[in-house]
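Asks: Structure provided below as structure tokens; questions to follow.
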Amino acid sequence: MPAAMASGHPNKLMLISTTLVMLGAALLLAGVASAAGNFYQDVDITWGDGRGKILDGGQLLTLSMDRSSGSGFQSRSEYLYGRFDMQLKLVPGDSAGTVTTFYLSSQGSQHDEIDFEFLGNASGEPYTVHTNVYSQGKGGREQQFRAWFDPTKDFHTYSVVWNPSHIVFYVDGVPIRDFRNMASAAVPFPTSQPMRVYASVWDAEEWATQGGRVKTDWSKAPFVASYRGFAAAGCTAGGAAECAKSNGAWMFQELDAAGQEQLRKAQATYMIYDYCTDKYRFPQGPPPECAAAK
């Protein structure tokens, strides 16, 4: 701020400064952390032997995979509830057999997990957007979608909102899935295990593309996906009781009537698989959360 402006409004500046200090203290007391956009500060590249690279002063991160290895990173912070956004540009061209991921997970055999996985394709075929939710080590809750754009041409934003009532998946701000807490129907829901944010590019040619019928063409390697715009706002306090007191907007976020209509249209138009309707897997009827969600 120019000196003339600063000297003219000392009381206003003091008030602004005091307000900012008080706001920062309140966020710390609530155990709320917010991170946006610098991979040097926010993540660690955890595997890949140099195949993961942070570029542009921390604004861009690329992960690559070749026949020897894929690569991945994880957030430095753990969160219990929050909103998590990532912009991705997926592996272009013939990416059959590859999986690019952006997900949250805790550790251990009874872990919780919230998944975005992007299943590669033979050149010219659409990507599959694969979502899943694990709680207490139990997954198998897959829903899959076709992207309504080419996710290799530009960056698109993929988001997760996780709070005690809902896990909502968004693509470019459009809700595509709402997994609700159905504890009343004895359905496990992630409420107690802090999770880190993870991302990776890895080889899954046994199942990723048309159930494994289309294999990886290694002559096209390395396969490179790009990440930017990582933003995480969530509770980083030490336990569930403290995080339950968080007052971030994400803690109470749910779909209003317009959001529910967006969700309905997205699922009607773009969903290609829903475990709740898979009679082969569930011949005796769908899992309890499917009926309870109706």
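Heads up, residue numbers simply count up from 1 along the chain you see.
Even glycines carry a Cβ here, placed using N, Cα and C.
Note that this is a predicted model, so its numbers are computed, not measured.
Below are the features I grabbed from TrEMBL:
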ACT_SITE  Glu113  active site, nucleophile
ACT_SITE  Glu117  active site, proton donor
DOMAIN    33-227  domain 'GH16'
CARBOHYD  Asn121  N-linked glycosylation site
SIGNAL    1-35  signal peptide
Asks: To the nearest whole angstrom, what is the C-alpha distance linking Asn121 (N-linked glycosylation site) and the residue listed as 'active site, nucleophile'?
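Replies: Answer for this pair: 25 Å between alpha carbons.
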Asks: Which chain-mates of the residue listed as 'active site, proton donor' that are at least 6 residues away have a CB under 8 A from its CB, listed by sequence?
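Replies: Those within reach of the residue listed as 'active site, proton donor', by Cβ under 8 Å and sequence separation of 6 or more, are Val99, Thr100, Thr101, Tyr103, Val129, His130, Thr131, Asn132.
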Asks: Look at each of the recorded positions, Glu113, Asn121, and point out the one with the fewest other Cβ atoms around it within 10 Å.
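Replies: Least crowded of the recorded positions Glu113, Asn121, by Cβ count within 10 Å, is Glu113.
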